[in-house]
Amino acid sequence: MAPVGDDDTVVREAPVPAFIPPTPHSAPSPNTCQPTPQQATGLDPALVDRSGDPERKHPEQHTATLPPYLHNEGKATMQDSYLSDSEDFPTDEELRTLRRVPAAIPWKIYTIAFVELVERMSYYGTTAVYSNFIAKPRPTPTGAALNPHDEDAQPGALGLGKQVAFSLTTFNAFWVYCCPLLGAWIADTYLGRYKTILYSVLVAEIGHVILIASSAPSVLDNPHSALGAFIVGLLIMGLGTGTFKPNISPLIVEQVPQERMRVEDRNGERVIVDPAVTTTRIYNWFYLFINLGALAGQLGMVYAERYVGFWLAYLIPTAFFIFAIPVLLICKKFYILRPPSGNVMGPAFKLLFKALGNGLSVNPVTTWKNWNSGNMWDKVKPSYLGANKPSWYRFDDAWVDEVARGFGACGVFFWIPVFWLAYRQMDSNLTQMCTTMALHGIPNDLLSNMDPIAIIIIVPIMDILVYPAFRKAGIRFTPIKKITAGFIFGSFAMIWAAVLQYYVLPNESKSIRTELTSNPHLSYKTSGYYETSDPDYKSPINVWAVTGVYVLIAISEIFASVTTLEYAYTKAPKNMRSLVQSVQLFTSAFSAALAQAFTPLTADPHLVWNYGSVAIISFVTGVAFFIAYRRMDKDEDRLNLLPTGHLGSEAQARDLEGRLSGTHQRGESEKTG
């Protein structure tokens, strides 16, 4: 049973530390040995092992039970790490042959998913009206459309134009994805995930309130004041949202206490309950809740701004987001919460720079070979350095392995901005394509929200049917393979878009060139495309043809975007999960900048080339990604089964030394007595 701290924070029982003295007169454990520097790498031996101390006449009497990961000469093995602790851990044969299934999902996970849902509703509901608020002129005192039933009527407020609107909305996207680094540092170092989330909600709510104030009719009477208040609200809300994001996704998976595989009998079948499969299921449904919130926010607030005004479009998300606070407070006693682990970023980055520095050479080829030799991290382990390790080493070999795995995951994330190129085509290009097609009464708002609708439909299909079928067939659809599939499906989506765009604005052909002179709505262009001079001209192609693009993008998101959440959680050190998650989020900021390079291709007659270029880039990147990480893909189980590392302060080490010394002194006094 997990102990409960004084602050009601529930923490899982920590693994056995490097030194635990046996009770006096107790028989030594079979695993006991002398805590030599080579074996006891959990803490600094200089602080603990003082065999030369004159007060310690018999240092050989101070035996300690080492944790399983320090057996086998300090090398972590699957058998040592788990079989010694649990007899139901699968054997190598069972790992190869038994079907893997998820653990049961506790109800409290859905409360955290609800918090994410209302947060996404508040964010997307608010940002959905940013563009009109900034760009369009104010038609009514509240900014609502003058005649909301007129299709051409537009709501507006500040009237600053599309360029200013684009600049501010792009800055907001960049700002929101930079703040996760701050939120992760606060959570991992000082407050823990739960408190950081709670305070982030409060900060975001303050930003929401300022946005409501900026849209009040009396404030809109002075556009400069309204703009200033809007920017302040944007910054504060973005700060709250950004610090919220890297902490909510690790918190939801931490509610499943099982962190190691076990073999069970289910309906007469022996199966492996795999935490990685459980994590996949949780994040799939987590992503569904994200899109439920986004869909509700985007659809609802567009009508609120149009029919009532911007103050209501900002007020409704604020009101819904406030429900996150009572849910978090009421359910706190049920949550599994990890306390902050102190400053782990400093040692982690020092370790990274030390590992990279050891491989540096004046020859770039040699440097590359050293960094990819496979033993770069082994040379910075405490057991390798021995007495020569720096004074800031307060961790064991296992923590080095975890840090290496975490930075390896960060390397994976830096490929993801290329994946988002396909996704970002939905922001404007696909919407513009839809306006040139035959709508047949289909509302534009439905078209612009096809992606979240597709995700809401496809996620249950993948989780209940597709993934279990793969596992039953013995197909290991690992995270690296899923991300690769995400790139490929993104490429397929862009191929579909390119072909569709080609036929929406047909290419020149002899069969229709003769029709130009008889059709007053068409004019010839030397580029080989046709440009309509009639703004009401529509292609005869049904707009439902574009749904294939949205469905393929949705599938690519489920494979790539969901998996990056999963990968950030499973590959990060336990005391750095928020940090690694923030790096995953931070890469999204780069995707916005990368998308700007394609701006010259986002207008006719270049859109076919735009979609085609993104398709080629996405496909080639996907293939290159899998080639680069195929070795890591083969090591998926080994990486997930790395033992938990330990990082402690000098004070902890001295306290442990004192307890060891106290045990020895009590033993000596009992002997003399």
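Every residue gets a Cβ built from N, Cα and C, even glycine.
It should be emphasised that the depicted structure is a prediction, and the values quoted were computed from it without experimental measurement.
Per TrEMBL, region 'Disordered' is recorded for 1-72, 650-673. Marked as compositional bias 'Pro residues' by TrEMBL: 18-27. The annotation compositional bias 'Polar residues' is assigned in TrEMBL to 28-41. Residues annotated as compositional bias 'Basic and acidic residues' in TrEMBL: 50-61. Taken from TrEMBL, the feature transmembrane segment covers 164-185, 197-220, 226-244, 285-304, 310-331, 403-423, 453-470, 482-504, 541-562, 583-603, 609-629.
Against the transmembrane segment (482-504), stretch 609-629 shows more Cβ pairs under 8 Å than any other of 226-244, 310-331, 403-423, 609-629.
285-304 is the stretch from 164-185, 285-304, 310-331, 403-423, 609-629 with the greatest number of Cβ pairs below 8 Å to the transmembrane segment (453-470). Across 164-185, 226-244, 285-304, 310-331, 403-423, the stretch most heavily in contact with the transmembrane segment (609-629), judged by Cβ pairs under 8 Å, is 403-423. Counting residues 6+ beyond its ends, the transmembrane segment (310-331) has Cβ neighbours under 8 Å at 108, 111, 114-115, 118-119, 121-123, 125-126, 128-129, 133, 142-144, 155, 157, 194, 197-198, 201-202, 204-205, 208-209, 211-212, 215-217, 297, 300-302, 304 in the same chain. The highest tally of CB pairs under 8 A with the transmembrane segment (226-244), across 164-185, 285-304, 403-423, is held by 164-185. The list of residues near the transmembrane segment (285-304) in space but at least 6 beyond its ends in sequence, with Cβ under 8 angstroms from a Cβ of it, reads 105, 113-114, 116-126, 128-129, 249, 252, 312-313, 316-317, 445, 448-449, 451-453, 455-456, 459-460, 463, 557-558, 561-562, 565.
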